[in-house]
Amino acid sequence: MLGRTLQEVSAALKQGQITPTELCQKCLSLIKKTKFLNAYITVSEEVALKQAEESEKRYKNGQSLGDLDGIPVAVKDNFSTSGIETTCASNMLKGYIPPYNATVVQKLLDQGALLMGKTNLDEFAMGSGSTDGIFGPVKNPWSYSKQYREKRKQNPHSKNEDSDWLITGGSSGGSAAAVSAFTCYAALGSDTGGSTRNPAAHCGLVGFKPSYGLVSRHGLIPLVNSMDVPGILTRCVDDAAIVLGALAGPDPKDSTTVHDPINKPFMLPSLADVSKLCIGIPKEYLIPELSSEVRSLWSKAADLFESEGAKVLEVSLPHTSYSIVCYHVLCTSEVASNMARFDGLQYGHRCDINVSTEAMYAATRREGFNDVVRGRILSGNFFLLKENYENYFVKAQKVRRLIANDFVNAFNSGVDVLLTPTTLSEAVPYLEFIKEDNRTRSAQDDIFTQAVNMAGLPAVSIPVALSNQGLPIGLQFIGRAFCDQQLLTVAKWFEKQVQFPFIQLQELMDDCSAVLENEKSASVSLKQ
């Protein structure tokens, strides 16, 4: 049961094949067995079991709340959860218990979902590896997969040491690891520059970033208000659509949410015709740093659409080379503004220094924030200085408009969906990842993803195939603003063609027997 999709488990619950309590207990048991992954900061065992008990009563009375009733989910620890600690993986908020739920959390609970816990991340979601939080780095479940370990045994240069584990990507790495290791069926991440799609690609998952304004940000502790979006991590596209159907819609507590009618639920056709589609391939994304394996799979994915009658067209996004610098200026500027609220006076960490308010304020922030967060605050304050404001922040805003217009022009040229890489390569070992600083790594890892956030578009990363090392590689689809359903429909068709294989966790074979029974093989269409 643990290896099935959300949709399959929902059907099993409705048919009485398993109860919510039994399912919850299985997931809690697996969370304990996979504690070494460090995916969870807080495990809400009592809360989840109580929710499972209530769900069980509803099923017995024939009053199921829908597809999410009784389904174990996890939430990134930068979403407020009433009565459950919310830390952002920072000393600044360690011990902070919010008095309210984020809108997306409340919507999941209103649909009967079971909250298994809060997942690990980079401090305040600032990073691309899930390595810079106070609770330690998250380990990629694929580090312990049969596929990866067998490939390592074949490599004469491999040391095959347990210390050579892989990063999950970030900053939603805990959520990605939680879903990948079968401890829940869906998880919330946040996506400011790729923080949901990046770990999805590294962990063999579907990572969906909705259009800006489609899903409420209320209760998501802000990083960059103009780009932050709640993200969804699942094992298949249909599951992401189910969760999106529960989350999408206007929220009076978030003025950026759209109030136009939205087609809900997001039902995806079982058979889609892609022959009339035009798939755009941005030529600026073909960069030297892109690994040969990702480049090859990207090309074969385009050929796959073409073989089905779709038109594949090379397009230009001419301001792409400026996007990562533009993103850095705007991101750090908004970070500096948002982090100003953590002053030790209202909530969160407070230093004991009583010399003056200014001294207490400075010491609190020095103790509460790590070097990465303090560095971004300093950069942002520099860009916002009176003498720098026009040359940096205002110019970056103008470039952002040009970047957004590039996408508009591409779609207006007849393109329906853009196809790009998600990451430069597969996941790398932790010891290799930390050789470079957070800022450098983030700039590299966000190269294909952050422009989508600046343009407010929907995007989804789909696992395509395993690399020669036995690790997941993902590709990204980008859609028009608020054409999320069309985007997911195309992604579902592609997912069916490539048939990405399930992870085989050697330590968890007994628990994941369903995975082995239903194991799929990598598609020959992209690997041959």
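Note that Cβ sites are derived from N, Cα and C of the backbone, with glycine treated the same way.
So that you can see what the record holds, here are the features copied from Swiss-Prot:
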type	residues	note
ACT_SITE	Lys76	active site, charge relay system
REGION	147-166	region 'Disordered'
ACT_SITE	Ser171	active site, charge relay system
ACT_SITE	Ser195	active site, acyl-ester intermediate
**Report entry** Ser171 (active site, charge relay system) to the residue listed as 'active site, acyl-ester intermediate' - Cα separation in whole Å
**Finding:** 5
Report task. Indicate whether Ser171 (active site, charge relay system) is helix, strand or coil by DSSP. Result -> coil
Query raised in the report: Which Cβ among the active-site residues (Lys76, Ser171, Ser195) has the fewest C-beta neighbours inside 10 Å?
Result: Lys76
Query - Distance [Cα-Cα, Å, rounded] between the residue listed as 'active site, acyl-ester intermediate' and Lys76 (active site, charge relay system) - result: 11
Query - Local backbone state of Lys76 (active site, charge relay system), from DSSP in three classes - result: strand
